[in-house]
Structure formats: C-alpha cells, structure tokens
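Peer 1: What follows is a single structure, and I will ask about it in a moment.
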C-alpha cells in the first residue's frame, strides 16, 4: 500500500476506484494470485464502507464500472475502426464507434465519441462508467439562446392573453377549495418571489463552483425553455377567469403589433416579476413562478452531494413555502400550481433518467421523439459527478480549498 501511495500517487478517491484488473495490469502487474484476491476483497469492503462517495462519483455499484465481462459471461470481440480485438475479460476499454460482438451472435454498439462501452452480462446491460465529460460550450450557448427566445415568446403570449382576459362581472372566480378556505395574505406573493430569488442565488453559486457547470447550465436552459414553451400553449388555448376580486384585471388592448411588442419587452426585461413592477393578467394555466422555484430546487438538490442535508432541506423548504405563498396570495388557482409542479418535476426526472441511460440516448426512438435531448446529451456519458473547483486563478487559498 505504501508503494501505491508513494510511487503511483494513489490517494483516497483513486484507491476506491481500483479494480482487480488494475492490480493485474501494468503498472502494478501483480502476479501472486493470493495477493490479488486479498487486495480485491479489501478494496471491495472499503468500497462498501464508502458507498455514498462512490455514488456521487458515478462509480457505484463497482460491477457497473468495470467495463469487462464477468468470468461466466460469453467471450466477446471488439471491433473499432475495422480492427478487432478479443478477450474482453477485464479492464476498461475506450471506444469510438466500437461494436461489441458476443460469440452467441448478439452485438452491442457504442455511441460515437470517446465513451466507455457498456457490457453485457446475463442478458442485461450494465451502467457505463463515467468517462470524459466534454463541456461543449457551443451547445450551452445554443440552449441559452433557446430559453432566451422562449421567454420572449412567453412574454408576447402573455400580452395576447391579457387582451382576452374574461370580464370579472360576467365570469367571477371559479370555486377553489384552497382559495375559499385560506384568507388572502397581501404580502405573500412578494415572499414567493423572494424564495425564488434565494434559490436562484443558491443555484448560481453551485453553478460557479461545479466542475461541469456548462452541462448544468445547458440542462437548466433546455428544461426551462421546454416547460415555458408548453406554458405558452396552455395560456393561449384556454383563458381562465381571474382567481380573486382583489386583482384589478380587465381586458386591455395594446393597439397595433408594435404596442404589443413594447409591452412584451417590458415583461421580458422585468422577468415577469412583481418585484420589478410587472403586472400581468390572464396567464394562469399554469404557474410560471412555481415552475421556476421547483426547477431551481431540483437542480440544487441534484447537483450537490447527498450528504449536504442542510442545503437540501433549505432548498425544499423554500420550494414548498414559495408554492404556499403563491396560493396564499390568491394569484393562481390551486390547479395552476399543481399542474406546474407536476409537469416540472416529471420533465426533470424523465430528462435525467434518459440522460443517465446510455442505451436509450442513441436509439432511433429517442432521436425522433426527443430530438433536442438527443442533440444536447449525445456526448454525456452517464451521471454527472458532483465535483467542484475554483474557476479563477486568484485568490490562491480558494483554489486550494475547493480544488
């Protein structure tokens, strides 16, 4: 062990990532079978004791990270750019357009780009080991432009629905169990936006320090843009009556197209928030504030280590209190908030489940039904590990402290 720490520069995390193949292959090249098995058992015990750390790095379970086939699995041959290699019994193999051919006739193709191949054992696919994660900044720029344009479209649709808002004298507020049971709190909506701002600052700090910040920002923009694009459709097709008599909403015409664009720019620049002086009517189905608060909460909890319980608790408290304040302000119907929460959480979970499943990412069905997802995630190999480092050269102590 002293040789591992000294000559080969093996630290704690590297020790947890060692496999039996590393012990057999150069530069260690252990030849005594008893020593190899004893070290393998010790490493496996150490890995089980540090399961949480390995999960954060995408290295758990250990069987999922050794790209070789088990001793009982069929022999396989690798073909990469026309060249074939056989004997995939151990070690991790990098492949580019590589195909794994099993002797039983089945085959497994790998995704284009440098990615670790998935293995086949007992008819099941194993999770690929996280390889090199290319930031692909140009894709992040495209996703930023996408959410930027969707926000502009949303602002314009909000202007249109304001012109079509139902007359409060003809269409009174709809019956709502929560709104009818809980008295209105005048300052509640400001508190809801304050909760959203705190979550935004938390996410920006995580984004600044996260090693894979480009992937995080790209996913946030693509998900946020998609949800708000759906919100444009639901707002436009159905106009609900105003949820409370305190809201002084009436059908308001902005004249020609230029007048509508100016009003949309005012909503756009103010982020649709009452804290910036923006007042809108008719944009009820579904709640945009709930979408933003919930999405930020899920990103904060997803891209921080699981043992950061305090951060996760604060994030969820802000999310739940933000939703409560939206309802307590009587700015939305309960169904608006419920649908917003459901759509946001389902889309977030579906996206990340697909992103972590390499077998589905490059399927034909994924490219047809989720073209934007396939484009953004085609080169992301499995779960994104929560690793942090200081992005600037100064101050030096921060770079040393964070990594």
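Using the three backbone atoms N, Cα and C, a Cβ is placed for every residue, glycine included.
TrEMBL does not curate its annotations; it predicts them automatically.
Straight from TrEMBL, here's the annotation block:
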- 145-165: transmembrane segment (TRANSMEM)
- 185-208: transmembrane segment (TRANSMEM)
- 220-242: transmembrane segment (TRANSMEM)
- 280-353: domain 'Sphingomyelin synthase-like' (DOMAIN)
- 310-329: transmembrane segment (TRANSMEM)
- 335-355: transmembrane segment (TRANSMEM)
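Give me the local environment of each listed feature.
Peer 2: Remote same-chain residues near the transmembrane segment (185-208) are listed as 216-217, 220, 273-275, 289, 292-293, 296-297, 299-300, 303-304, 311, 314-315, 318-319, 321-326, 328-329, 331, 391 (criterion: CB distance under 8 Å, separation of at least six residues from the stretch ends).
Listed as Cβ neighbours of the transmembrane segment (335-355) (distance under 8 Å, sequence separation of 6 or more from its ends, same chain) are residues 176, 219, 222-223, 226-227, 230, 240, 284-288, 290-291, 294-295, 298, 302, 323, 326-327, 361, 366, 370, 373, 377, 380.
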Peer 1: Is the transmembrane segment (310-329) packed against any residues at least 6 beyond its ends, judged by a Cβ distance under 8 Å, and which are they?
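Peer 2: Cβ under 8 Å, 6 or more out: 178-179, 182, 184-186, 188-189, 191-192, 195-196, 198-199, 202, 287, 289-290, 293-294, 296-297, 300-301, 304, 337, 341.
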